[in-house]
Amino acid sequence: MDAALRDTLLQMPKAELHMHIEGSLEPELIFALAERNKVKLEYASVEELRTAYAFKDLQSFLDIYYAGASVLLTEQDFYDMTRAYLQRAHADNVRHTELFFDPQTHTERGVAFGTVVNGIDRALQDARKEWGLSGALIMCFLRHLSEEEAFATLEQALPYRDKFVGVGLDSSERGHPPEKFARVFARCKELGLRLVAHAGEEGPPDYIRTALDLLKVERIDHGVRCLEDAELTARLARDRVPLTVCPLSNIKLRVFDKVADHNLLKLLDAGLVVTVNSDDPAYFGGYVNDNFLQMFEALPLGREHAYQMARNSFSASFLDAAEKQKYLDEVDAFFGQ
Ligand SMILES: [Zn+2]
């Protein structure tokens, strides 16, 4: 890749819309928090933990991901984790970020909902003050758990309604179709929450369709398997439904064998509103700029694609119209448009 394009990717203003905050826990921080909280880990060292990051599929990743999250106990832990991610995002010229968090991963270990959300929120407020980096939270329901548990989590969340803008659906996709949570999402819609869901990552294209039709989501997280279904692809393009694509995650979890096999360019060519994101950056080998660099290195992508995806990242966000325009103007100015 030529140096100018590389610089453009690194420097361009961008938003990140698909990042699980618990997936930003680097092994070093996992060990530091384990020590601070006297939590015993199954891994003897940072190196041993990093070696375990050779995943064969989504489930093998989730097993380690939940083990890593077990070191998070206090509000300060959630602050420190979020702060570390925001520092990296700021260095990558991320101007706005919409973070997923998984309260059920913590409440089922006896950590209070407020401990989780207050720690993350305080770090977001500091980033806004210090760097002008805006952030919003999206609460995810773990789809391998029951509808009843999702409703209970929503109840716990309501006293903190001002601290998150929307809800999502993550964890093991196969065997847990969107319709399992149709009633929960209907209730969230009534509450005025923005709606997203992971679909079409490992699961079939049909999960994308049911996420749209039954959950009424506004964005699809991943969605890369949509191309297996021409009618669905046409619909996503026509309705301008954004896809939050996470290339390095897809490689690590074997959705595609290698970077050059990724369908990012095909998705763009199909007229889809594609964004690039890091998903669980500590586990998948890179933050958002690493995702851009590796994709542009491996695929015939150019400056026009960078411009398009930088614009998409803001237009697909849940910012209000005036804030969106401010960032879009900034992107246009950066690209000299
Ligand atoms: Zn994800």
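Glycine residues also receive a Cβ, built from the backbone N, Cα and C atoms like all the rest.
Just so you know, TrEMBL annotations are computer predictions that nobody has curated.
According to DSSP, H198 (Zn(2+) binding site) is assigned to a strand segment. Within 10 Å of the Cβ of H198 (Zn(2+) binding site) there are 31 other Cβ atoms, across all protein chains. Summarising the annotation, TrEMBL assigns Zn(2+) binding site to H18, H20, H198, D279.
Secondary structure from DSSP puts D280 (substrate binding site) in coil. Residues or ranges marked as substrate binding site by TrEMBL: D280.
Residues annotated as domain 'Adenosine deaminase' in TrEMBL: 13-333. The average pLDDT for the domain 'Adenosine deaminase' (13-333) in the predicted structure is 96.
Summarising the annotation, TrEMBL assigns site 'Important for catalytic activity' to H222. Around the Cβ of H222 (site 'Important for catalytic activity'), a 10 Å sphere holds 27 further Cβ atoms from the protein chains shown.
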List which of the recorded positions H20, H198, H222 have their Cα within 10 Å of the Cα of D280 (substrate binding site), in sequence order.
H20
I want the residues beyond H18, H20, H198, D279 whose C-beta is within 8 angstroms of the mean position of the Zn(2+) site's C-beta atoms, in chain order.
M19, G23, F100, D170, D221, H222, T244, C246, S249, N277, D280
Quick check on the binding-site residues D279, D280: which one has the highest count of other Cβ atoms within 10 Å of its Cβ?
D279
Which chain-mates of H18 (Zn(2+) binding site) that are at least 6 residues away have a CB under 8 A from its CB, listed by sequence?
E98, F100, D221, H222, T244, V245, C246, T275, N277, S278, D279
